[in-house]
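Per TrEMBL, domain 'PTS EIIC type-3' is recorded for 9-294. Taken from TrEMBL, the feature transmembrane segment covers 33-52, 64-84, 96-115, 127-148, 168-201, 213-235, 269-290.
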Amino acid sequence: MMNKIMDFMTNKFAPKVNKVVKNPWVAAIQDSIMAALPLVFVGSLVTVVSLLKNIFSGLPDFSMISNFSFGMFGLVVSFLIPYYLMEKKGNSGQKLISGATGLVLFMMLLFPTVTAEGNATFILSRFGATGMFLAIISGLFVSCIMNFAAKHSLFDEDTPIPDFVVGWFNSLLPITFILLVGWFITVQMNVDFFEVVIWAFSPLAKIVQSYPGFVLSVFIPVFLYTFGISGWVMMPAIYPVYMAGLAANAEAVANGGQAVNIATQETCYAFSSMGGVGTTLALSVMMLLLSKSA
């Protein structure tokens, strides 16, 4: 029985999952999150240093650094997803403008309040980890439209028009369409798409933030690793929940409350991944203490 399970996982299940991992759409999300992680590290470091203010009252307020590092995580991801996806699709010439368009659409869908004088007001917390799901959706949508447009150029390959001019016109229609979609949702329909996305993914967040769900979110990637499947395949679904939980914990503690979300990357690093994924530090200690000499 066990041999049949191992054979199924190794020869049938693993190759299919590895195809998903190598899919450019999934890989673009993974690369975007990995590229933006230094912002999380900076924000976490500043948060730890800020705790010392409870002891040394003379320390300056570093919260602004955290707000514009970890607090801009979603904004950065909304740029990086179209950037990496266009690169992986072989449309590197359009990756910068695609990333910029993803950033602009993300900001439109944050549902800013615009006064008659032209002043726009955003909710700062939406730029951070709580906006990751929206950043992923907007980034993938922009990538889809821009990639389609890149395959259907308005000009022939042998056109005498300079390449940069061709790029301008090829980007004009897809960018206009993308921004019209954002305008229609935000202005015409008056829909706070950020809240819609949060509501749509709230069941997943509740499951992962429960103790059984958190255990599964840690166990499944490790289980997949045993069959040669990269655990990063779970990142697009799990990591936004982890980051949103971390942001909620940080906000609660900053307001004098308690951190209640257990499913965060920091929890994994501190406990289940101590010494490596699968708690390999415990294995090393056991080998040191329990192994016998040859």
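Backbone N, Cα and C define each Cβ position, glycine as well.
Curation does not apply to TrEMBL; its annotations are automatic.
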**Message:** Considering only Cβ pairs within less than 8 angstroms, which of the stretches 33-52, 64-84, 127-148, 168-201, 269-290 has the most against the transmembrane segment (96-115)?
**Reply:** 168-201
**Fill in**
Averaging the pLDDT values of the domain 'PTS EIIC type-3' (9-294) gives 87
